[in-house]
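Presented below is the structure to which this report refers.
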Amino acid sequence: VPVDSETEAWEKTSLSKNKAKPVKPPGRFERLLQPCVAELVGTTFFVFIGCVSVIENVETTGRLQPALVHGFAVAVMVACMAEISGSHFNPPFTLAIFLCGGLQLGMVAPYLISQLIGGVLGAAMSKAMTSKMKYTNATGAAFTILTSDEQLAGALFAEVAMTALVTLVVLLGAVNNKSKSPLVPFMVGCSVIINILAGGDVSGTCLNPARAFGPAVMTNYWTYHWVYWVGPFVGSLVAAALVR
């Protein structure tokens with residue numbers, strides 16, 4: 001057999017072997033249940049780690065310990081689960097991502113429910129892990145910084161502005177086709193860190209109603225709790241409007 005014929009036969013055989021098998025379309029589990037489980041698990045561990053970092057915070061570290069823990073926790077969980085659910089772990093993120101075309105309407109409510117349940121589970125895990133004295137002293141890592149109406153305007157603006165910043169990073173880094181970046185887990189984590197360092201003494205830098213809701217349920221502490229819903233959701237709407 002001529003060499004050319006042998007080469008041609010070998011190439012055809014190789015191509016047929018390397019031919020990609022048809023990809024099976026995702027089933028109901030992959031499309032619906034799996035993303036919700038990812039949001040539940042991701043939010044649970046984010047809130048758990050975040051709450052423990054506050055409850056066990058050493059006074060000499062100030063805001064640095066919670067800032068680093070929250071930021072790194074976000075970065076790790078986003079990197080791990082982005083391909084499963086998009087790694088929202090935050091109701092305002094889900095709303096903004098939906099408004100920018102990154103999520104179907106039918107998945108918005110399941111995501112929000114999963115995130116809030118995860119927030120409660122994470123707060124419960126932090127209570128189980130820490131000592132009763134430290135848990136009580138920290139009010140279970142609930143947001144207790146607001147004690148008077150005089151603080152409300154600054155705190156509400158802080159939550160709006162800082163949530164808008166981190167939501168912009170999410171939308172531009174993970175949703176918008178012109179600016180998508182593989183560094184988005186790192187960018188979101190850094191955004192959380194700088195926000196907590198900058199605004200921790202103003203509002204506590206919640207940015208996430210699920211993070212506020214879990215400890216509030218576990219400690220029954222609801223003073224000015226609405227700030228940590230209104231501020232982040234308005235901030236996410238601002239970010240979505242800017243991106244659109």
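Cβ coordinates come from backbone N, Cα and C, glycine included.
TrEMBL annotations: computationally assigned, not manually curated.
Quick look at what TrEMBL annotates:
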| type | residues | note |
| --- | --- | --- |
| TRANSMEM | 32-55 | transmembrane segment |
| TRANSMEM | 67-89 | transmembrane segment |
| TRANSMEM | 95-124 | transmembrane segment |
| TRANSMEM | 152-175 | transmembrane segment |
| TRANSMEM | 226-243 | transmembrane segment |
Chain residues in Cβ proximity to the transmembrane segment (226-243) (below 8 Å; excluding those fewer than six residues from its ends, i.e. six or more beyond): 90-93, 95-96, 99-100, 143, 146, 152, 155-165, 167-168, 170-172, 175-176, 203-204, 206-209, 211-212
Considering the transmembrane segment (32-55), which listed stretch of 67-89, 95-124, 152-175 counts the most C-beta pairs under 8 Å: 95-124
Remote residues contacting the transmembrane segment (67-89) - C-beta distance under 8 A, at least 6 residues beyond either end: 34-36, 38-39, 41-43, 45-46, 49-50, 52-53, 97, 102-103, 111, 115, 118, 174, 184-186, 188-193, 196-197, 200, 208, 210
